[in-house]
Amino acid sequence: MVVAMDKRSNVNGDPGAGDQKKKGEGFDPSAQPPFKIGDIRAAIPKHCWVKSPLRSMSYVVRDICAVAALAVAAVYFNSWFLWPLYWAAQGTLFWAIFVLGHDCGHGSFSDIPLLNSVVGHILHSFILVPYHGWRISHRTHHQNHGHVENDESWVPLPERVYKNLPHSTRMLRYTVPLPMLAYPLYLCYRSPGKEGSHFNPYSSLFAPSERKLIATSTTCWSIMFVTLIALSFIFGPLSVLKVYGVPYIIFVMWLDAVTYLHHHGHDEKLPWYRGKEWSYLRGGLTTIDRDYGIFNNIHHDIGTHVIHHLFPQIPHYHLVDATKAAKHVLGRYYREPQTSGAIPIHLVESLVASIKKDHYVSDTGDIVFYETDPDLYVYASDKSKIN
């Protein structure tokens, strides 16, 4: 087992990481698990694998009706007292719509590929996400979760890439809330150190056989974008901004925050892997479940994420049952989420603390942990005190 430094004393130079063994009472999160993925699969009840197109569509109808009702009510009352409430609620529902399209992309929506594709395109195009472009890169994320070089979502930057970033870019990437607005840029440019666009059929993200799919999704995205421009000419840009634009920004913040917290911000430092140390199981076990309070049901239990990452074909409405059944197999490798109140305020602290400290990983070593840029950490700490 190759590690950048001795993780049991001082992990990659991070003083706080050296305490992880003490906090975990001797448990090493990077150790080979004593079970196989088949053991987890066998513990999950058979009904959890059943996909119901009717049940899945019922959530689509529920969310679309809620989105339409909110928009109609907001336009009807047109009150600056109510607009902020509308923005928060509608942005959250846009995020819920994304999660349903996400199920389509995994095939957990139904066993009917055409239905998954049609519904996925409708839902994701409405919130300006290129369905196939996202679906394929997200598949790459699941197939390589926890791998420093090959993962696709919120991948840690190797030190050499991080140190070559302009100082201004580091500030933008690691100063809250700016990283929570990154998703549209990611769709266009991916992450530092990676090239390609989710809109370009000839991007390195995609195989030649997938180019027609990407062109289809980019066309659907373009139709929605042109529709918004046309509505701006008809009703005025301010009206479109109030009804659609601000909720879209709230949706992006939900997406960036939730996907980040799935893989970052746990009290115990969690490993990232390279080379022979990486496996599908070990990478998936670094995923974190989160409790979002009243939002759990609204955004379709996406916080129940460990089992989803290992078995993305399980529908969202079975994830809670599947997790309960599998926890005895996972043991210490399952990290029980902190119980939330109605509003998951506690997660804001986890998010901010992680972004301030988790900056890059070592260029060498097959098991690595996040390290902190002391200069950037001091800047972020001073800025938070001023705010």
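Note: Cβ is positioned from N, Cα and C throughout, glycine not excepted.
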Range annotated as region 'Disordered' - as stated in TrEMBL, picked from 1-33, 265-297: 1-33
Do any residues, 6 or more residues outside the transmembrane segment (114-134), come within under 8 Å Cβ-to-Cβ of it, and if so which ones? 53, 57, 60, 94, 97-98, 100-101, 104-105, 107, 184, 187, 197-199, 205-206, 210, 213-214, 216-218, 220-221, 223-225, 248, 251
Restricting to the same chain and to residues at least six past its boundaries, which positions have a Cβ under 8 Å from a Cβ of the transmembrane segment (59-77)? 83, 86, 89-90, 93-94, 96-97, 100, 119, 123, 239, 242-243, 300, 317
What does DSSP give as the helix, strand and coil breakdown of the domain 'Fatty acid desaturase N-terminal' (17-71)? 37 helix, 0 strand, 18 coil
